[in-house]
Amino acid sequence: MTAPFREASIDLDAIADNVRHFRRLTGVEVIAVVKADAYGHGAAMAAVAALSAGATRIGVAEIPEALELRRQGVHAPIMAWLHAPGERFEQAAAQDIEVGISSFDQLEAAATAAAVDRPVGVHLKFETGLSRNGIAPADWGRVLAEAARLERIGRLRIVGLFSHLSNTSAEDDRAALAKFEEGVAAAASFGVHPEIRHIAATAAAIDLPEMRLDAVRIGVGLFGLSPFDDRSSAELGLRPAMTLRGAIAAVRRVPAGTGVSYGYDHRTDRDTTLVLVPLGYADGVPRNASGKLPVSIGGRRFVNVGRIAMDQFVVDVGDTPVSIGDEVVLFGDPTLGVPSAADWADAADTINYEIVTRIGPRVPRRAS
Ligand SMILES: *Cc1c(COP(=O)(O)O)cnc(C)c1O
């Protein structure tokens, strides 16, 4: 049987299991973060799988991502926290999208977008040290006073207070939490009592119980990947959801001394068999992993040879018998003996987050 030409199969049961794992581990609300097309896994199907397993809210970066989920039939609460300059939040309000607020102007825009008797749900984001967005401590008083007023007159519903951690060290994260607690106290002094406070993403949800508060925002862990350099998915009790595969597109028996791919960075040192794998950097295969990229063919590990091209790369399989159409597993669940996204990240000098997120649009995602 011929393997799929190119495919990322997405194990939705693994996503569901990972959500249950975080529910048990933390005992608090799980916000499933499916920004950037669920880190390349397919946002709508990942969101549905996460909600079916007990996640109660969806997190995305941008309003357009939230609107797309609504179009795909996701009715659960959705929050978005990174906005285009001048964003007016009208579509967000109409579709009941909760808005992360990082400035006074965003607060006013969200309130203006509210329909009569239909307050806009907001999560006020406090800057606590990451130096990205978030309301600066110097502005907390002014923003909180206005937020309290807008809530009283029915324009806003203050659903959450939140921040985001740097994961620099437990000490740095505790300093950020202390700053956040000052923000929560300031909010209370203005009569702002949110339904939920949330600061932890995957790493802090696992390692720092005091960060769990009322909810955790789980991204990479949802997809069964480890946020840590020194601990695997299996060590964390997580199951990787994505398996990237392709079918061998050509097989060539060559003599010693044969140049391979652009620039002949590699020449064969013996008579051998070269196979062509039809995924390249257009599909998210990192070019800077050329000559180092692990794959699995017929249950055996190989490393690619020569430069990774836009659409394809070459693997030297020695004297292993192979045929056109045989399956190549590029990465997946390493407990099944195949390379992991983390192995690819090591080869490409990056992180597993980037490996899965940049799998390109030519690769069909198939739920399994
Ligand atoms: C991406 C993101 C998350 C999820 O982070 P993970 O490390 O993937 O769990 C949570 N919160 C915010 C604000 C984010 O941008």
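Easy rule for this one: first residue shown is 1, then count along the chain.
Keep in mind that glycine also has a Cβ here, set from the backbone N, Cα and C atoms.
Where the annotation comes from TrEMBL, it is an automatic prediction and has not been curated.
What TrEMBL lists as N6-(pyridoxal phosphate)lysine is Lys35. A C-beta separation below 8 Å, combined with a sequence spacing of at least six in one chain, links Lys35 (N6-(pyridoxal phosphate)lysine) to Ala43, Gly59, Val60, Ala61, Glu62, Glu65, Gly219.
Under the heading active site, proton acceptor, TrEMBL lists Lys35 (among others). Reduced to three states, the DSSP call for Lys35 (N6-(pyridoxal phosphate)lysine) is helix.
In this view, Arg132 (substrate binding site) is surrounded by 12 other Cβ atoms within 10 Å of its Cβ, with every protein chain counted. In the three-state DSSP scheme, Arg132 (substrate binding site) is classed as coil. If you look up TrEMBL, you'll see Arg132, Met310 marked as substrate binding site.
The feature domain 'Alanine racemase C-terminal' is assigned by TrEMBL to 241-368.
Annotated active site, proton acceptor per TrEMBL: Tyr262 (among others), in sequence order. Residue environment of Tyr262 (active site, proton acceptor) contains 11 other Cβ atoms, counted within 10 Å of its Cβ in all protein chains.
For Met310 (substrate binding site), the number of other Cβ atoms no farther than 10 Å from its own Cβ, over all displayed protein chains, is 11.
Arg132 (substrate binding site) and Tyr262 (active site, proton acceptor) have their C-alpha atoms 41 Å apart, to the nearest angstrom.
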